[in-house]
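Undergrad: Straight from TrEMBL, here's the annotation block:
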TRANSMEM  6-25  transmembrane segment
TRANSMEM  97-121  transmembrane segment
TRANSMEM  127-146  transmembrane segment
TRANSMEM  153-169  transmembrane segment
TRANSMEM  189-211  transmembrane segment
TRANSMEM  218-236  transmembrane segment
TRANSMEM  242-262  transmembrane segment
TRANSMEM  269-289  transmembrane segment
TRANSMEM  333-355  transmembrane segment
TRANSMEM  367-399  transmembrane segment
TRANSMEM  411-428  transmembrane segment
REPEAT    671-704  repeat 'TPR'
REPEAT    807-840  repeat 'TPR'
Amino acid sequence: MGRFLIYLSLPFFLFFNSWLKIVYFGDARLFYSDSALRFRYARMIGEGEKVPVIDKKVCHPEGLRVRSLIHLTEDWVIGKSYLVIKRLCPALPFSTYLKYFVSIFSSLSLLFLFLFAFAFWRNKTSAFLSSLFYAIGLPSFWRVTGNYLREEFALPFLFASLYFFFLARQRGKKVFLFGSGLSLTLSLISWHLSQFFFSLFVLFLLFLFFFDKESEKLFRSFPLFFLPPLIAGIFWEPLRTKYFLLSFPVLVCLWLWLITFLPESFRRFLVFLPLPFYFLLLRLFPGYFQEYAHVFEVIFYKIIYFGKKPEDPSLLSFAARSIWMGPFSSPGFLSFAFALLIPFLLGLIGFLSLIRSSFNGERHFPFFFLTYFFLLFTFLYLLVIRLEVFLFFFLSLAIGGNGLLLAKKRWVVIILLLGLLGEGYKAINYPRLFSRYYLSLAREWRTKPTAYGLDWESLSAWFKKMTKPEEAVLADIDLSAMVLTYLDRPIVIQPIYESESARKRVLECLSGFFKDEEEFFSLINRYKVSYVIYEKGFLLDNSSEGVRYLTNNLRVKKNSVAYLMHFFPESLVHFSLVHQTNTFRVYAVLPAKASAPRRRVFPYSPYFDLSLFPQAEGNPDWEDKGTREVERKVIGSIAKYNQAVALMERKEYQKAIPLLSEILAIFPELERANYYLGECLRQVGEKEKAVAYFDRSIANNPEDWPSYIAKVYLLDERDQLPEAVRTVISALSIDPNQKEFYSLLGYLYLKRNKRLEGINKFLELANLFPHTPFPHLYCGYLYAENNDLEKAEREFIKAKEKNPEEADVYSALGSLYLQKGEKERARAFFQKSLSLNPNQPALFKTLQSRDQVLPDKEGRPMP
């Protein structure tokens, strides 16, 4: 019965671990950096497109040979399975499916941990404890949530490979050895870092061969293990082009098999012989090392500098500087305590129980196995925090050792319960705890801010409206991937660094910002760039995570492009400032001898105000004085902003008003401060002031659609219909395709039972904006509300002619024909609407049930 309950707990652990990831994942609609680039290809496959052999939109203008750099295994599995699932559930968005897939599939690591722990400890309680603490531990889910990585797909295969190898050694069955090699191969064709793990595993095999005579039979059958990776190295392009067949693990595996044919007296003396020859081989054939130099070198320099990044960037190679940040930083105490302190203490107890146990012929291998990986990954984790995913697996395996002590040591029960409470509390309260400690954790992780929030929304809206799909963009690597994936604009540099040429290009392009304008313009022309996205951190960030450190330009000249783009855009000859957010500036590249257009007025940002950064007269170099003070003011404003938002959520509008007023005195356009202040004033009855702040928000950002909407509703409350209509039309004059404003306009007329007046207004807008379908669509809604179905049909058909790809037009026609009783015709239009936009659950439900759709009688003219 006890064994049955323990086996029954496994599905629950799998469910709980998957549930944590799904709940904390977010909406999966916006990834950044390399996650965004990988998402692009997964989405392509999920939409039935072919991934191009050479993607001309990456590494513009020559393009990127995709399969030579990127493992598409996970993307292919997700994309192809989505095409199958989509037939059963057309309304399921691809991003939602991806979130569920990676959350559930990554939890399979827990399955192999359970099996491994049971085989390792030969104790069902040990397997239960290992799985329990892995299921609720932060390292099992916090890198998966909100990301699209490769480890979430590859780790289950890596851990399966270890499990099968352990069984092969313990039971002597060749099928397990083949299963280990096959599982390893699946991880190798999915994740670049699998090769790093493979190298460490092969190092373990060298020691095993030297110390463990009982493994002799295992190594004589070793082709069953290394043949699958060998075949993958020949036929799988990302491995073949990265010289995988010349890699350390492949050559050592071959060597270990070959020396089994030599006399036994020679084997131990020869086992480590290939090591010096391998380093000689690297000198003769440096391709493999160069491709992965960033990984090897960052570990090398971390050992030299004891994990502390030197202040002088010239002491590091660019390959090491390029990744010594974020997940490749060393953990601080808070990172360790937050994620691994409790598992480490419990794992240490379990590990000590293994040492204390009496060994027979079957126990020395488990001891050797766990000792090697436990100590190795503890050391490596102290160098690279990203490797906690491996350390946590072996810690969880070691925790199983506590199961052997439960019957003998009662204090172990108390410690396990306390550990369970601590880990469970962190798992359940993860979002709140992470938010509380985020700034401290970010400092330890050396993370860089990315273009989320309104800055990204502003950039995104501007690029979609003002640029052409073929116009290439130069931006920092993280932002470049977002520009490519979500704006479909070609990019010059990309963030996947497993290529020496990619790293060299990043160094060349980002170093260009610290040269004079003519040199930078020459570089820009070589890569045929149309727009440059400048970030405030290019100049202001002199930390070891900034671009200045990355490119070894801590000293910046005042005639450099970075300085001029930051403070004197009007002085540039070849670049014109065309858009600005709080932290970003977009520059158009001007043709040779072209004159710059008239300078526009952009929203104020203290980051670009030279008066806040005192400079010594006559000094040709940029001085970083004032940067910290400006950052302090901005961070203080952001803290007050967040406090004000929290007060608004609690409907404490009166308390939020002074905070927002203080913010706007320093930072006249911080995020949505003007909009929020207007909303607070509206809630407390100061409607005149509220309108003024909505107008101010619109003036600072003419595409601030929520402020238009808030102003319209305020005018509607005051029964100022003409002014409300003018506000709607002013928004539409900027972007006639903003559908919600047509809906809002229809609502204003329906509310007052002025259908004919509304119809005339929509007909007027149809003449004013002849290229958009929405005036005809919403005019048709009002005709339908007025029971004039023939005219409604006429307007819907006009809307369809204007844009045959607009899903709402077909759902409107479907509703119209359903109202006429033409059910089969209605069904055809509903199906067409769903094919264009599957994310219409209400329409999908209607189509499935054949229930009649009635016009909305409550107000808004939506189908």
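Even glycines carry a Cβ here, placed using N, Cα and C.
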Undergrad: Grab the pLDDT values for the repeat 'TPR' (671-704) and give me their mean, rounded.
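TA: A mean pLDDT of 89 is what the predicted model shows over the repeat 'TPR' (671-704).
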Undergrad: Summarise the repeat 'TPR' (807-840) by DSSP state, stating how many residues are helix, strand and coil.
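TA: Helix, strand and coil residues of the repeat 'TPR' (807-840) number 27 helix, 0 strand, 7 coil.
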Undergrad: Suppose I define contact as three or more CB-CB distances under 8 A, residues 6 or more apart in sequence; do the transmembrane segment (411-428) and the transmembrane segment (97-121) meet it?
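TA: No, the transmembrane segment (411-428) does not contact the transmembrane segment (97-121).
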Undergrad: Please report, as numbers and ranges, the same-chain residues at least 6 past the borders of the transmembrane segment (242-262) whose CB is under 8 Å from any CB of it.
TA: 188, 195, 198-199, 201-202, 205-206, 209, 216, 219-220, 222-223, 225-226, 229-230, 232-234, 270-271, 273-274, 278, 281, 285, 287-288, 291-292, 498
Undergrad: Under 8 Å between C-beta atoms and at least six residues away from its ends: which parts of the chain pack against the transmembrane segment (367-399)?
TA: 109, 113, 116-117, 120, 129-131, 133-134, 137, 139-140, 143, 151, 155, 159, 166, 197, 200, 204, 207-208, 211-212, 298-299, 302-303, 307, 327-331, 335, 339-340, 343-344, 346-348, 350-351, 354-355, 359, 445
Undergrad: If I count Cβ-Cβ pairs under 8 A between the transmembrane segment (6-25) and each of 97-121, 127-146, 218-236, 333-355, which range comes out on top?
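TA: Counting Cβ pairs under 8 Å, the winner is 127-146.
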Undergrad: Give the nonlocal contacts of the transmembrane segment (153-169) in its own chain as ranges (CB under 8 Å, at least six residues past its ends).
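TA: Residues packing against the transmembrane segment (153-169) from afar: 73-74, 77, 102, 105-106, 108-109, 111-113, 115-116, 119-120, 176-177, 179-181, 183-184, 186-187, 190-191, 193-194, 197, 201, 215, 218, 225, 365, 369, 389, 393.
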Undergrad: Would you confirm whether the transmembrane segment (333-355) and the transmembrane segment (97-121) meet the contact rule of 3 or more C-beta pairs below 8 angstroms, pairs 6 or more apart in sequence?
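TA: By the criterion, they do not touch.
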Undergrad: Is the transmembrane segment (127-146) packed against any residues at least 6 beyond its ends, judged by a Cβ distance under 8 Å, and which are they?
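TA: Distal contacts: 6, 9-10, 13-14, 16-17, 20-21, 24-26, 28, 102-103, 106-107, 109-110, 113-118, 121, 152, 327, 338-340, 343, 346, 386, 388-389, 391-393, 396-397, 399-400, 402-403, 416, 419-420, 423-424, 426-427, 430, 434.
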Undergrad: What are the helix, strand and coil residue counts for the repeat 'TPR' (671-704) according to DSSP?
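TA: Looking at the repeat 'TPR' (671-704) with DSSP, the answer is 25 helix, 0 strand, 9 coil.
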